[in-house]
Amino acid sequence: MAAAAAAASLSVSDAAAKLPKPGGQVQRRRDRDRPRVDAAACTRDSRRPTRERCSTTVSLAATATATTATPVRAPVRTRAPMGQRKGADIVVEALERCGVRDVFEYPGGASMEIHQALTRSPVIRNHLLRHEQGEAFAASGYARSSGRPGVCVATSGPGATNLVSALADAHLDSVPLVAITGQAPRRMIGTDAFQETPIVEFTRSITKHNYLILDVDDIPRVINEAFFLASTGRPGPVLVDIPKDIQQQMAVPSWDAPMRLPGYISRLPKPPAANLLDEVIRLVGDAERPVLYVGGGCSASGYELRRFVELTGIPVTTTLMGIGNFPSDDPLSLRMLGMHGTVYANYAVDNADLLLALGVRFDDRVTGKVEAFASRAKIVHVDIDPSELGKNKQPHVSICADVKLALQGMNAMLEEQSAAAARKNLDFSAWRSELEKKKVEFPLGYRTFGEEIPPQYAIQVLDEVTNGEAIVATGVGQHQMWATQHYTYRRPRQWLSSAGLGAMGFGLPAAAGAAVANPGATVVDIDGDGSLLMNIQELAMVRVEDLPVKVMVLNNQHLGMVVQWEDRFYDANRAHTYLGNPAANGGGEVYPDFVTIAGGFGIPAARVTRKGEVRAAVEEMMAAPGPYLLDVVVPHQEHVLPMIPSNGAFKDIIVDGDGRSSY
């Protein structure tokens, strides 16, 4: 074991040369009655692994070279090199050494020592949210919009469990997140102590990795490993659970021990093989109707993707997570595909003879009936995570690699003089012309009814007023889909939304996190009345920090997406989807009154009910300094179209109708 450990340390050191190298041992609890075990951890694909199995499953969950930038180093405070300090102060200095500048938090008894230590940091800015779910979504918005890991701190028990939705969201959307939780003192673990929950057990399947620290000397290494794991390979959330007595214990930190991740690092994919890239170029040359299908795995490859499209002329469609990775107003953009994607994007994939899938999961909201998806096409799948290759759709060519490196390699091949003749054969003009006709035949549009405000129109006006430059966060529901269709996205990390988990309440805290990460940027939360209410308390944080977050609520007084399904598939039978005041009997009362609520938080707000009022109201919102809320009252009968029913195929696509019709 000693020899193996020494070898592991050597294998890790080169890969981690640019990272701080703390040390120590970590112990993890398996269950309440089992003895402590050294260095146990769990990952995306494990439940109760042994130590040996753990190192393997970590690597399968998160592989390849880093897809997010290594965090910029923050200046580290000057300290006496041998000075003893509390474990909590060691945690904070470890965060500083990992480049952390912002922490989103909500304090409690088991995490008090960490919060006290944070007040002593000259480097880290602390952002107090009003709910732990809000703080974790804010950390997610920070990470999604910047590429740097977001950090959140919560107490034990309900504080830790309130993080769970956000951890699951980050896990599904591959967002680099480090969550630090307080825990009951070690002697009380397993005794059902006050606010004790086994958060490590809770989060085994929704984190990339997690730790329970049982030795104060482990803190520097574990924090370092947490950031390395969160931001390399396929990014994801990492949880670090720290008992209160560990936070209080005095120790001299050691910053020079290597990380203990030999299994993970040894399985990081190498650069893509040249022969596989040659095969892809050959398939492109043989194709007549190719399509690029781009996901969130391309968020660090925007330039390379645009260059590849320049060289090949292949049309591009994106997933919900891929929005912004290719400019949506580019002539070769087909915008989003899938359940609520454009007709022409879905038509293109249905008729393609070659599908280049880059950084995607082939999830059900895109594929529908998976056997019918891209059934005429040869499929090339490039992804950083080997577990995704062939999981939902079997490719003809699979490449486990960082998409950025794969695109760089293919671009170099296409640019070589020897490939000039081949490039002349890449003439897809007839295919592009066919798709242009579909764009004209099936544009993204909407109907108007007098002075009622179409929600799509409100988003179009916002797009025009902001010139498509805003960072847009959303909740989940109809407004989310309309925001994909009617706003222009030209760059990666401009679009922030809960895609895989579909968590309502995401928009406002995520927008707050994005505003923290991008000072001076225009940040707008396009939200629904139902989704906003789930984390409306974060208006307090936005106001107190005077963040210039604009909130545009598309308020239809209903749970709109569920109402749409009720209209289409349940004979319009309403089952608890009306969110207004039942006593109003549809008498025009807007409930709750978001304008009054915003005023209670000290945030200026306005409401519009007529189409002719929208532009002036949006202009006023965007011109206002600091936060602002605009309540846009829209009809609940609107449907998000196009729509492919769940488990449907392109032939089942719906392009007309709304709640004013019967089905």
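The backbone N, Cα and C atoms fix where each Cβ goes, glycine too.
As annotated by Swiss-Prot, Mg(2+) binding site applies to Asp529, Asn556, with the evidence given as similarity to another entry. DSSP assigns Asp529 (Mg(2+) binding site) to a helical segment in the three-state reduction.
Here Swiss-Prot flags 1-26 as compositional bias 'Low complexity'.
Sequence annotations record features per position, and here Swiss-Prot assigns compositional bias 'Basic and acidic residues' to 28-37 (among others).
Here Swiss-Prot flags 44-54 (among others) as compositional bias 'Basic and acidic residues'.
Look at Swiss-Prot and you will find Cys152-Cys298 tagged as disulfide bond, backed by similarity to another entry. In this structure, Cys152 (disulfide bond) is part of a beta strand by DSSP. The Cβ of Cys152 (disulfide bond) has 31 neighbouring Cβ atoms from other residues within 10 Å, across all protein chains displayed.
The region 'Disordered' feature in Swiss-Prot is assigned to 1-56.
If you take the Cα of Asn556 (Mg(2+) binding site) and the Cα of Cys152 (disulfide bond), they are about 33 angstrom apart, rounded to a whole number. Sequence-distant contacts of Asp529 (Mg(2+) binding site), defined as residues of its own chain at least six apart whose C-beta falls under 8 angstroms from its C-beta, comprise Val553, Leu554, Asn555, Asn556, Gln557, Leu579, Phe594. Within the same chain, residues at least 6 positions away in sequence whose Cβ sits under 8 Å from that of Cys298 (disulfide bond) are Leu305, Gly322, Asn325, Leu358, Gly359, Val403, Pro492.
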